Amino acid sequence: MTLTALAALVPLLPFLGAAAGLLLGRRAPGFVRPLAVLPTATSFVLAAVVAARQGTGDPTDAAHKLADTGSAPIYLALHLDGFAVLIAVLVGLVATCVQLYSTAYLRDDPRYPSYAALVSLFTAAMFLVVYSGDLMVLLVGWEIMGICSYFLVGHYWETETARSASIKAFLVTKLGDVPFLIGVFALAADAGTFRINGILTAATHGQLHHPTVIALLLLAGVAGKSAQFPLHTWLPDAMAGPTPVSALIHAATMVAAGIYLVARLLPVFTASAAALAVLAAMAAVTMIGSGLAALAQDDIKRVLAYSTIGQLGYMAAALAVGDRDAAVFHLLSHGAFKALLFLGAGVVIHAAGTNSLTTMSRTGSLAKRVPDAMWTMGIALAALAALPPLSGFFSKESVLRAAEHASAGDTAHVPQAVGWTVFVAGLAAAVLTAGYATRLFLLAFRGSGPDAPDHGRQPVVMTSVLWVLAVPTIAFGGLAYRELPDWFGGAPLGPTLLTSVLGTGLALVGVLITYGAWKAVAATRLAVPAGAVVTAEGDADAEPALVEAEAIATHEEVYGDIAAADDPGDPGRLLLGRLHRHAAHGFHLDALYGALFVRPVLAAAQLVRFLDRDVIETYVRGAGGAPRLLGAAVRKAQTGNIQTYLSALLAGAVVLAVLVAVGG
Amino acid sequence: MHLAYPAVLAVLLFCVGVYGVLARRNAILVLMSVELMLNAVNLNLVAFDVWLRDVVHSGQALTLFTITIAAAEIGLGLAIVLLVYRNRGSSDVDRLTDLAEPPEHGAPGHGDGTASGAGAADGTAADQNAEATA
């Protein structure tokens, strides 16, 4: 088959799998698992074949005109280059792992068929976004991902948390998508085409008339999708969905779509220094804020969610200094280890029967019970903290290198101040990242105290997936940093001495400080008992997802808050001091949005309700009520006696006759 | 003969008929009163036909029509009255009030659906009673 046909099959297969899964899910339960796993796995293999055949050659383009719009026609276009094929391989790998993991994690879930179909549909949409060479087609995939995310976050829609989280995720991302859509139209109007190649040509030749406006509008959509400040608030709440969903959507793929889009359209953004400055400021605030917030979270998945936000901040920062190679490099390595972290967190939550770090730190046997999760998560956390020689080290170094390069004023189009902002924020975030990674590991796996209730052996398929993902986590960065510039056609990505020393040194500082704080509060931790082990004695055969759902639902009851726990034995509390309370609640951004937007909207809704119910409805009721009363009065005359009627008729006739006689 | 005599006679006949229709309770007497009114009209038609010296005598022709139709009408009417009497055991006009809306039992404003439903139920019950007595 030709390369184009192979590439077209990659998004098509999961899509057909999703359609078949949705149609057959009820009638043929035996086919659901193969229909979920096989198309995705085949797509992964095909994506790898496409990547191998595309290789480092010139970009491959293929297009079929889909619709004539009068101005810029819409093409069903494929664009394969180093970025696209490598990200597609990552998406395929993570999606396959997640589908495999889900077969065990949600094995008894009654909604598994629709869940698996939605994950497949999501995968197809992500492939479409990655391969598409036309902004309109890309937008289709972009929105399908949004709606899939809504459904999957709300998988446990019986709980209030999941319902509101899914609505919040949908609304916040849509808030970004509306300006994004306008931006896409403005871009197409300026460039005269929706084809990305055409847009890039126009941008490099300076034919865009309003680069700043367009870039800022697009940035709104990117901030929503990639969970950048100030539209990041949906991501921590989205952890109410099942863990595999968090791993696939909210760590490795969907949130990466925004970064990928900016990477594809980078010349549009470099055309405007203002847009780069905004992107840099956004990334800097995101990196540091999310690092602080992650240090204060109690829910293990919320720690990871904030860490995702922070790492996406790194990618945005790399884009702000005009280096998309570094951004995509970090995207690739982060996708692997963050998916691993989430899937590992799912195993840990199942084994511990709780999602609360406070409780885990009082549980003794967790490390012995889930050794696979401990080792793989340890590796992934080290990669997250960017310790050499793991993949996170190389990718983060490439970002820092680009920032350092820009701060020296050596990058064209990028103001020096942007470089400095990104560089300093990146270094500060490196300390924080190492800090919360260490805190997570110590609290989860180095706890001491009574054993948690036994939830049985972890399913083999779940633990083996962890080891599969551990391979790229360990090796990808080190093996790839020499090769990737050929694929991306850009500058070298290897670590430089200055940034390696600075980055690794700061990461080690973060690790050591957190370790010290953990040691320092060890006595307190032993003295103060945990609030409660959230789930009761579960029976060993309960499916893992149930344990998680129950843990999320009871966390608020036990600790009085969904995000934070009142634990004096938490090293994060010692490190953050007074800041802890604010950081635990995401610096009260949700409360601020609540006061600024939610309450006025609710008040307006109340007003409309009042106007509708009490004002308009009154007229309607009156219009019905008056004839009704009249009718009741007239009905009194209806006696059923014909002679009465006739008398009235006669009287009327006489009156009329008299009137005619007199008047005529 | 002067026109006044037949005209006054017609007026008297008509008034008697109106009184009978409006005041009599027996359905047969009501029908008879209707006949009186028709005949008052017939009398007028004939009288004015003569007075106007109509060449084609359209008044008299119309009178013949009226008499024919009145015969048919009284035939039908009597049949109906007979059936009513067989069904109900009475032919009193002022007791044949089934088509009137029955007095409301429940709270007012409960909707027309229930009221008409109840009315229909009452009607059928009354019919059954009437049949039983007949």
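Glycine is no exception: its Cβ is also placed from the backbone N, Cα and C atoms.
What TrEMBL records for this protein:
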TRANSMEM  A:6-24  transmembrane segment
TRANSMEM  A:31-52  transmembrane segment
DOMAIN    A:69-115  domain 'NADH-Ubiquinone oxidoreductase (complex I) chain 5 N-terminal'
TRANSMEM  A:72-100  transmembrane segment
DOMAIN    A:132-407  domain 'NADH:quinone oxidoreductase/Mrp antiporter transmembrane'
TRANSMEM  A:137-157  transmembrane segment
TRANSMEM  A:208-224  transmembrane segment
TRANSMEM  A:245-263  transmembrane segment
TRANSMEM  A:269-296  transmembrane segment
TRANSMEM  A:327-352  transmembrane segment
TRANSMEM  A:373-394  transmembrane segment
TRANSMEM  A:417-438  transmembrane segment
TRANSMEM  A:459-481  transmembrane segment
TRANSMEM  A:493-518  transmembrane segment
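Residues 83, 86-87, 90-91, 93-94, 97-98, 101, 105, 242-244, 246-248, 250-253, 256, 259-260, 262-263, 300-301, 304, 307-308, 311, 314-316, 318-319, 359-360, 363, 366, 369-370, 372-373, 376-377, 379-381, 383-384, 390-392, 394-396, 398-399, 444, 452, 455, 458, 462-463, 465-466, 469-470, 472-473, 476-477, 480-481, 484, 488, 493, 544, 547-548, 551 of the same chain, all 6+ positions outside the transmembrane segment (A:327-352), place their C-beta atoms under 8 angstroms from a C-beta of that stretch. At the 8 Å Cβ threshold, with sequence separation of at least 6, the transmembrane segment (A:245-263) lacks contact with the transmembrane segment (A:459-481), having fewer than 3 such pairs.
With a threshold of 8 Å between CB atoms, the same-chain residues lying at least 6 positions outside the transmembrane segment (A:137-157) that come near it are 11, 66, 74-77, 111, 115, 118-119, 121-122, 124-129, 163, 165-167, 169-170, 173-174, 177, 181, 184, 196, 221, 225, 238, 240-242, 245, 249-250, 253-254, 257, 261, 549, 552.
Outside the transmembrane segment (A:459-481), and at least 6 residues removed from its termini, the chain residues within Cβ reach (under 8 Å) are 93-94, 97, 100-101, 103-105, 107, 329, 332-333, 336-337, 339-340, 343-344, 346-347, 370, 372-373, 375-377, 379-380, 383, 389-395, 398, 493-495, 544. Each residue of the domain 'NADH-Ubiquinone oxidoreductase (complex I) chain 5 N-terminal' (A:69-115) gets a DSSP state, and the totals for helix, strand and coil are 28 helix, 7 strand, 12 coil. Counting Cβ pairs closer than 8 Å and at least 6 residues apart in sequence, the transmembrane segment (A:417-438) and the transmembrane segment (A:269-296) reach three or more and so form a contact.
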